[in-house]
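*Asks:* Not my notes, these are from TrEMBL:
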{"type": "DOMAIN", "residues": "C:10-522", "note": "domain 'Cytochrome oxidase subunit I profile'"}
{"type": "TRANSMEM", "residues": "C:30-51", "note": "transmembrane segment"}
{"type": "TRANSMEM", "residues": "C:71-94", "note": "transmembrane segment"}
{"type": "TRANSMEM", "residues": "C:106-129", "note": "transmembrane segment"}
{"type": "TRANSMEM", "residues": "C:192-220", "note": "transmembrane segment"}
{"type": "TRANSMEM", "residues": "C:243-263", "note": "transmembrane segment"}
{"type": "TRANSMEM", "residues": "C:275-296", "note": "transmembrane segment"}
{"type": "TRANSMEM", "residues": "C:308-333", "note": "transmembrane segment"}
{"type": "TRANSMEM", "residues": "C:345-371", "note": "transmembrane segment"}
{"type": "TRANSMEM", "residues": "C:383-405", "note": "transmembrane segment"}
{"type": "TRANSMEM", "residues": "C:417-442", "note": "transmembrane segment"}
{"type": "TRANSMEM", "residues": "C:554-572", "note": "transmembrane segment"}
{"type": "TRANSMEM", "residues": "C:578-599", "note": "transmembrane segment"}
Amino acid sequence: MSDQTLNPETMPEQPERATLEGKNKFLGFWFFLGGETVLFASLFGTYLALRNSTNDGPGSEELFGLELVFVMTMLLLTSSLTSVYAMYHMKNNSFGKMQLWLGVTVLLGLGFLGCELFEFYHYIHGEGFTLRSSAFGSAFYTLVGFHGGHVTFGLLWIIALMVRNAKRGLNLYNAPKFYIASLYWHFIDVVWVFIFTVVYLMGVI
Amino acid sequence: MAENTNIHENYKRKKNKEEMKQQVITFALMIVFTLIAFGMVKADLSKLFVIPILLVLAAVQVGFQLYYFMHMSHKGHEMPALMIYAGAFVAFMTVLTLSVLIWW
Amino acid sequence: MSTAVAQKKGFGAFIWDYLTTVDHKKIAHLYLVAGGLFFLVGGLEALMIRIQLIKPDNDFVSAGFYNELLTMHGTTMIFLAAMPLIFAILNAVVPLQIGARDVAFPFLNSLGFWLFLFGGLILNCGWFLGGAPDAGWTAYAPLSAVSPGHGVDFYVLGLQISGAGTLIGGINFLVTIINMRAPGMTYMRMPLFTWTALVTSTLILFAFPALTVGLFLLMFDRLFGAGFFNASMGGNSVIWEHLFWIFGHPEVYILILPAFGVFSDVLSTFSKKRLFGYTAMVFATTLIGFLGFMVWAHHMFATGLGPAANSIFAIATMAIAVPTGIKIFNWLFTLWGGTITINSAMLWALGFIPSFTIGGTTGVMLAAAAADYQYHDTYFVVAHFHYVIVGGVVFGLFAAMHYWWPKMFGKILNETLGQITFWTFFAGFHLTFFIQHFLGLMGMPRRYWTFLPGQHLDTGNLVSSIGAFFMAFGAIVFVINVIYTSVKAPKVSGDPWDGRTLEWSIPSPPPHYNFKQTPLVRGLDPLWIEKMEGRKGITPAEPLDDIHMPNPSILPFIMSLGLFIAGFGFIYQVDNLSYLWLVILGMGITLGCMLTRSVKDDLGHHIHKEDLEEEGAEQ
């Protein structure tokens, strides 16, 4: 695999699937997301089973405020669009613009994470609501925390890719890497859609 | 030859651009759905009415994410689609069981 | 490059080669050795259980130790013996059967093995660190959530780590089979073993995440004070049962389907016939895979889900007998009118059919929810699942090892010793477990430390224990066979069985690039088609050219070692918070390795056309 084959003048239509390695990564990562679906479903199921088990502690209606959740939703939803923009520029082989949009995605993701940490901090110190408060507390922190962990990992992943490839630009070896990182980021948003619906909106209704 | 690639490249870029336009429309719709969802909860409507609509809105949003943002509508996504649907099926069974079969 | 390493440079180089290998054939060896050792450990635990139960009121082991033995026997056999041995066969055979030079993710393949091994080590560390897990292999909450000591913590962390390895392995084989098939190898031309590998990998993908979550919940309960299963905090222990069996029932199909694939290939090869009803076999395999996800609650009939849920799951369970029946009949019809060769591999296949059918029959009996209240938690259940797991999976593994040993190592296992193994193990197996059906019907509960005299249970238990010794004898003869064969047996050709599928078209053991030229597949049983047309080998699909191969790497080993260290940190931070440093250290090692892997380009290397031509001249 020489430089020539990896750095063509113009990117093929689907740079993420132009090599066998790319095709494998693409397919394998989609399958992994299929497995993740079951992982989060198990967490959602556990949460639904335990959401009324407040053990005389605070319940969802007293705890959740919708304003912060709305801001978080907008941040994450917008970051999903910006990562689509990044992939758009990848297909047009404009590396600089891709990096720029990925950078915006990371900033929005950091904003989301900041809000989530603030929320958790408020619950723990303001309301005295922790993992050990009740089965509801355990289920809440585990479900939302797993999502937050995915966000953190996704941010580290995208930052690592951006830094690593900043100097050498786009080629057919790293295009699949960028592409699956963006798939991961979209999946994080998919999960969040269900979290704000099932946990927060249905929690205060 | 060089000209040919140029034309092709231009066509490709145009196609990408059009697709990007669709993506932005999708995004706008998702924002609208989110606003409706939050608005309905704020409006204090009946629980039985709101919850099914919330779930439908969430499902449609996820469909948009998968089919447009993650390009599952494109060619070569047959296997990913199969596995996502299979995962969604197991996920559905799991959530259903844990939400109805735990307490009695 | 790696050919140069493969040249023997002494013991250190040999070890280093295996620590860093990404070659699926060598990873198969690793799985075989590790899984085989765990199989012997699990067998030893089984023997101790049977010695304890050889007579009433026995005190060969203490009650607490007995709990640890039976927990570890089940856990070891399922997760640390059966799974890796199946992965050994998958690794050794699947890429060859589809005409691929390697798997889709060689690096992840190696990572999967090391994660499994270190997870298995954590699980067994309990023996030396104050007590092994003792809450049963199903680790039902709330018992598992409150079981004192660190025993169950070893279960949780060990299975979490090895489960991650299995998930990685499953995704690897899915992508390998879907993306890396040789030209002409359509889905409906894949050997049945490859088909079962595909369906099994799909089941792994969707079943293991449920176990991952279940283990996390249990870990948070035990180590961080969460309340998922703690009724006093509003928790509910039935969540564990569901999550465990949403994983656990597909798991038994994950184990049995590859065995079905092995028997299909073995029976067709040694009957000199195409597999009867190939299409129906493929259909039945996928149907079993699908139904496997709809039946988990039949393990929970006595939990009290209510008659509606029980009936649904009972009917779904009975439905599985239909595709399984299709398979049994197709195997019989494959034999019918064939030119049958009886050897060790074939004996295991022939022994499997009646044994597994008995297990299937008791399965349908157990599926009747009302009757299950009688059978539940008795030795009837123990007899049932040993009939399907030993009679199905273990027989399948023995058949696979006898059948593919020459492909893996270039030597045929000794036939006499093979037959001694089969007859003693087969007789011992039925002696041990057939009588347990009746012990169960007479009311003997499973998992109890002792039983009382004068309840008509004495003779049955004695017979059962005698059978266990026969099985142990058979297993030891197999080990002797392996040693004897590797020392004494002569090398054989690449196709000792007059085989039908692609793996027999290349030398034994295969060169590390498998196929010098990618084969062109022209139908089901591609090698047989070529033979029938008078050709010696497979028609190549491409001219001889440079071959691209992945580079070896030590990172998978270090990454798994990091999780191993972090695992101990998680377990012991309950006693002393400074153990959290171990968590940070271990996770740091693992994440550091991931970062290194991500930023360091690994483009692999090429084997040059000229070298390939030279090798060809030597042969």
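Cβ coordinates come from backbone N, Cα and C, glycine included.
Whatever TrEMBL says is automated annotation, not expert-curated.
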*Asks:* Quick one: find which recorded stretch in C:71-94, C:192-220, C:243-263, C:308-333, C:578-599 has the most Cβ pairs under 8 Å with the transmembrane segment (C:345-371).
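*Replies:* If we count Cβ pairs closer than 8 Å to the transmembrane segment (C:345-371), C:308-333 scores highest.
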*Asks:* Report, as numbers and ranges, which residues of the same chain sit near the transmembrane segment (C:417-442): CB under 8 Å and 6 or more residues beyond its ends.
*Replies:* 50, 343-344, 347-348, 351, 355, 358, 362, 375, 378-384, 386-387, 390-391, 398, 402, 455-457, 460-461, 463-475, 477-478, 480-481, 484
*Asks:* May I ask you to check whether the transmembrane segment (C:383-405) and the transmembrane segment (C:192-220) make contact, with contact taken as at least three Cβ pairs under 8 Å and only pairs 6 or more apart in sequence counted?
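*Replies:* Touching, no - the transmembrane segment (C:383-405) and the transmembrane segment (C:192-220) miss the threshold of 3 or more Cβ pairs under 8 Å.
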*Asks:* Should anything in the same chain at least six residues away from the transmembrane segment (C:554-572) have a Cβ under 8 Å from its Cβ atoms, list it; otherwise answer none.
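*Replies:* Apart from its flanks, the transmembrane segment (C:554-572) reaches 19-20, 107, 110-111, 113-115, 117-118, 121-122, 150, 153-154, 157-158, 160-161, 164-165, 219, 223, 579-594, 596-597.
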*Asks:* Go through the chain and flag residues at least 6 beyond the ends of the transmembrane segment (C:308-333) whose CB is under 8 A from any CB in it; none is fine as an answer.
*Replies:* 260, 263-264, 267, 275-277, 280-281, 283-285, 287-288, 291-292, 294-298, 301, 349, 353, 356-357, 360, 363-364, 367-369
*Asks:* Should the transmembrane segment (C:243-263) and the transmembrane segment (C:192-220) be scored as in contact, given a threshold of at least 3 Cβ pairs under 8 Å and pairs 6 or more apart?
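*Replies:* When sequence-distant Cβ pairs are counted, the transmembrane segment (C:192-220) touches the transmembrane segment (C:243-263), since at least 3 lie under 8 Å.
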*Asks:* Sequence gap of 6 or more, Cβ distance under 8 Å, 3 or more pairs: do the transmembrane segment (C:30-51) and the transmembrane segment (C:106-129) meet that?
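*Replies:* Answer yes, regions in contact.
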*Asks:* Could you tell me whether the transmembrane segment (C:578-599) and the transmembrane segment (C:71-94) have 3+ CB pairs under 8 A, leaving out pairs under 6 positions apart?
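*Replies:* They are not in contact.
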